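Each remark here refers to the structure printed beneath this line.
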Amino acid sequence: MPSFNVHKEGKSAFHRPQTLTYRNGYALPRRPTVGIGQTPLLSEQLIQQEISELSIETPDITYCSSSHNKTSDFIPAHVAFDKKVLRFYGYFQEDVLYSAEERYRVRPVIIYYYLEDDSMCINEPPVENSGLSQGKLIKRQRLPKNERGEHYHWKDLNLGMDLEVYGVNYHVTQCDAHTQEFMESEGIVLNEPESIPVDPYITHRNKPQPSFITPSNFDELHQFLTMDRKVLRFFALWDNADTLYGETRPVTIQYYLVDDTVEIREVHAPNSGRDAFPILMRRQRLPKRMREASDPFPRCVLEVSSQEVDEYYSPKDFQVGETVKLLGRRFLLYDCDGFTKAYFQKNYPDVEIKPKEGPKKEVPPYNGFGSLEDSLQNCLSLVPEPPKKNMIKMLENDQKVLRYVATLDSQNPQDEGRRFILSYFLSDDMISIFEKPTRNSGIIGGKFLEKTRIPKPGSTVENPEFYSPADFAVGATIEVFSHRFVLTDADHYVLKYLESVSDQIPCKTLDSLRQRLGIHQDKGTAEQKPAGHRTSRTRMKYQGCVKNDLVQYPSALEPFTVTHEKKKKKKTSHLISEKCII
């Protein structure tokens, strides 16, 4: 009937639990936690109360300290064993086929075991001039122990054992102190260390070989082993001026001590226009003196045999500062490198090394356009760069100018009475000249000379000397590009600045400025003027100039007539004469 349900007592769910799951796309089995119909398993019937009681329950009697019962924090292996490596020494024997002198070689190796990831690598120490490919034999990896997929562990390593890796049998002989300490701390007893056997081929080479010829006192093998890759390098100049279009070229002479050979290389500069063939003479032994008996005999080959040479060039024949002739060419040795100097001081202490100045780049003569620094930049590079300036000096002396009054010393009578202002800029040591305009003089005033550095008379382009504040004394004559200027006055700032650097200024210059400005050296103040006298600097300078002009031109005191022409509207003009005395 509707809304009438009969509740059946008993078990109603009989489905089995899910025992399969998917993870990352793969089907994996899962252990069931409940039985059929969600009934608990017997293994899961341990109630939570019993689990909590077991976890809280502590024993009544303890036989050790409580510190041993505390569980330590988990530290992963890559942190606990970081940069901890076990090092073992060993060797392996390599069979040599088809050789009458040796049947096997003994090659020592070093075995590294990395504790952080149980990886191993095997290296062979390189031996110079061995002719074998040495170094890293097996890169870092986990080495297989057997065919079952097991790998070598540090517990498997010990002294005196054989380590078979990829078909090669490595015999472990020794280990370092850190490895021995670690193995003993882990309870592993190491065997007695062994020594690496001697290679029979090395023993065979050390035995003297039977010879039926009187042996030479010179040991070529010893020279090869001790002098290999040791080269004496000399810097020289090849004098080729005797030939057509010849010149002096820089070269390097290299003397190889391993076989007493000489090589000559040219030094090419960029954009020199020459072919890039640096070898001027190939590496060879150079004969110094030939045998007399071999000179008249006709030669059919270009090579010279050792039987025809009495003496070859040796290191003592190359002396720095001297000229040496090699294959008919003259070379001036002007310097050498540091290794060559140390070699001569040790083996030839009686040979004196006298370095000379190397080749200098020829600079064309100055043509007069621009400054010397700007013209020089065009000779140093294809795209000239502005010359470097003293930035500290420019910042310290910015807007500091020394001003002088000058007159033009000329034979032309039209130049009399012309006044100039000479400005010296302390920031860049440049000078500019400005002409004061004068009425009815017929000469336009204004800028007479742009800012530039003025050289002294007699200075050369190689050693230029420029004017400085020490040369500007009152009454001195300054020659500026064939114009002579006489300094007549200066402002007070000039004297103040020159007194601050009095150790660099001559006393004659300072005395002339003090005398002109009316300042005594002992008092340091201007002369006392009567009351009501005009003390303005401009008026003092004006009065001084007028006074000097009157002394030089006494005829100016004579009276003269000044005529003014006045015009009135609708009236005739008339002349008015008046006498004036200055």
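Cβ atoms here come from the backbone N, Cα and C positions, even for glycine.
Quick look at what TrEMBL lists:
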- 82-187: domain 'DM10' (DOMAIN)
- 228-348: domain 'DM10' (DOMAIN)
- 398-502: domain 'DM10' (DOMAIN)
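Assigned with DSSP, the residues of the domain 'DM10' (82-187) fall into helix, strand and coil as follows: 12 helix, 49 strand, 45 coil. In the domain 'DM10' (398-502), helix, strand and coil residues by DSSP number 16 helix, 42 strand, 47 coil.
This prediction places the mean pLDDT of the domain 'DM10' (82-187) at 92.
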